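Q: Following this message is one structure expressed as C-alpha cells.
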Amino acid sequence: MSKSQSGDVLTNGFSEYKDGYEKLSQSTCHQFLRRHLNNTVIPILLICFVPNLVIFLWFTAVKCNGSYLKMLEVFSGVSVFDGLYSIWSQVRFGSWTTSSILIGYCVYALAMMKLLPGKRVEGPVTPKGNVPVYKDNGFLFYITTMGLFAILTVVLKQFGSSPTIVYDRFDEVLTTLNIFSFVFCWFLYIKGLFAPSTTDSGTTGNVILDYYWGTELYPRIFGFDIKTFTNCRFGMMVWALLVSIFALKSYELHGFVDSMFVCATLQLIYITKFFWWEAGYLKTIDIMLDRAGFYICWGCLVYVPGLYTSVSLYNVNQPVHLGPLLTSLFLGMGIVSIYINYQADEQKQQVRYANGNCLVWGKKPEIIRATYRLENGDKKESILLASGWWGLSRHFHYIPEIMLAFCWTIPSLLYNLMPYSYVIFLVILLTHRSFRDDEKCGNKYGVFWREYCQKVPHRIVPGLF
C-alpha cells in the first residue's frame, strides 16, 4: 500500500473527520513537526542507538550463551544507563593488534581496487546528468582474497597461530570500527560541502540530516570510489571473511558441526553471487539514491560486520548437530533460493541489454518503455519488465533473499531468538525499501510507473502484499 493509498484508507474510514484530518495534515505546524521528526529526531536516535546494537549482539553471543533474556537481565532493577555501562564495561576497546589487522586489510583492499584488472562499466545516469564509472574487478578481488585467506590460515597454523584471533578480539573490532566510522562520516560530510567530486552533492541546511544522509552521492578520494570500497570491498568482503573465521573457530572448538557448515556455506555462496553480479549491484537503490553518509557508510563498515554475521557468531558457542536429512534439506532450500534470486536479477538485465528482444520463460517479455527527464532537462528511456519473476510482484526478488537468510539461520533451530536477528532486520529493511523504491520510481517515471503498478499490482508477496 502506497503512502497516498494509506492516507485514503484513513480518511475514508473516518469520513466524519475527513475535513479536519486534511486541514491538520496540510497545516504548517503538522508539516514542521513531521519534517523535524524525520530529519532530526529519528536520525539522532538511530545514530545514538545502533552503535549499542552491534555491541548487544556480541555481548549476547559471547557473554550470555546467545540468550537475549540473559542479556536483558543486566538491565533488571537498574536504570538503562547503568545497564549500558555494565555491558560496555565488559567491552575491550581497540588494541594495536586489532588496529593493525583492520588497517592492513584496508590498505590491501584499496591497492587491489587499482591493481586488479577489470573492464570499464558505467552506472545509471544521475539526476544531475553525471555517469559514474567503475572498474569491474569485484569478483576477481573476491576469489583472490579468499584464496589468500586460505593460504594465510595454513601459514599461521604452522606457527601455532590462527586467523580466529579476530573472533577472540571481535569486541575490539567492533569498537574500533565504530570510532573510525563516526570520524570518517564527518570527513565525508565536510568533503561534500567544500570539495565535492560531482555536482550530485549539496546540503539541506540541517547538519544532523546531512551527517546522517550524506552530502555527496558519488564521493571519490584520490580516485577511489567510496561506495565501492565501503559497500563492496569492506562490507561484503569482510562479511565473507568473518563467516570463514567464525566457522574456523567452531571447528577448532568442536570439530565439524553440520549446522555451522550449512550456515557458512549458504552465506558464502550468496556473497560469491554478489561479487559475480557486482556491476549490477552498482545500479541498485543503495548506490543510485543513498548518499554517502552515516546511513550507508556506517552501515557497511560496522552494521554489516556486526549484524549480518551474527548467526555465525552465535553458532560458534552454540553448536547444533542436525544430521544428514536436515542438513541436506536446509542446504537444498537455500541453494534454490539463491538460484531464484539470481534468475530474477538476470532476467531484468537480459531484457534491458537486449532492448526487449529476447524471451522470458519462453515468451516475449511484457515491457513498458518509460521515458523520464533529468534535472537538466535531458530525456531518457528505461525498460520496466512486467513478466517473468517481475510479473509476479514488483519486488519478488526480496522473497528468495529472505528465504535464503532463513535457511542459513534455521540450522540454529529454535533455542534462542538471537540468531534470527538478521532475518527480522532483513524483513523490515526490504519492506521499507520496497516503499522507498516505489516512491522513487513513481517520481521518476510518473504515468509509466502507474501503468506498471496496474500490470503488477502487488509489492512483494504475490496475491497478498
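Backbone N, Cα and C atoms are what each Cβ position is placed from, and that goes for glycine too.
Annotations per TrEMBL:
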type     : residues : note
TRANSMEM : 41-59    : transmembrane segment
TRANSMEM : 94-116   : transmembrane segment
TRANSMEM : 137-156  : transmembrane segment
TRANSMEM : 176-194  : transmembrane segment
TRANSMEM : 228-247  : transmembrane segment
TRANSMEM : 253-271  : transmembrane segment
TRANSMEM : 292-314  : transmembrane segment
TRANSMEM : 320-342  : transmembrane segment
TRANSMEM : 402-430  : transmembrane segment
Q: Using a threshold of three or more Cβ pairs below 8 Å, and leaving out pairs closer than 6 in sequence, do the transmembrane segment (137-156) and the transmembrane segment (292-314) count as in contact?
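A: Judged by the Cβ rule, the two regions do not touch, with the required three close pairs absent.
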Q: For the transmembrane segment (402-430), I need the partner stretch with the highest count of C-beta pairs below 8 angstroms, choosing only from 41-59, 176-194, 253-271.
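A: Per the Cβ count, the answer is 253-271.
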Q: Sort out the residues at least 6 away from either end of the transmembrane segment (228-247), same chain, that have Cβ-Cβ distances under 8 Å to it, and list them.
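A: For the transmembrane segment (228-247), the list is 105-106, 109-110, 112-113, 134, 138, 141-142, 145-146, 149, 163-164, 166-167, 260-261, 263-264, 267-268, 271, 274-275, 278, 281-282, 286-287, 292, 296-297, 299-301, 304-305, 308-309, 312-313, 315-316.
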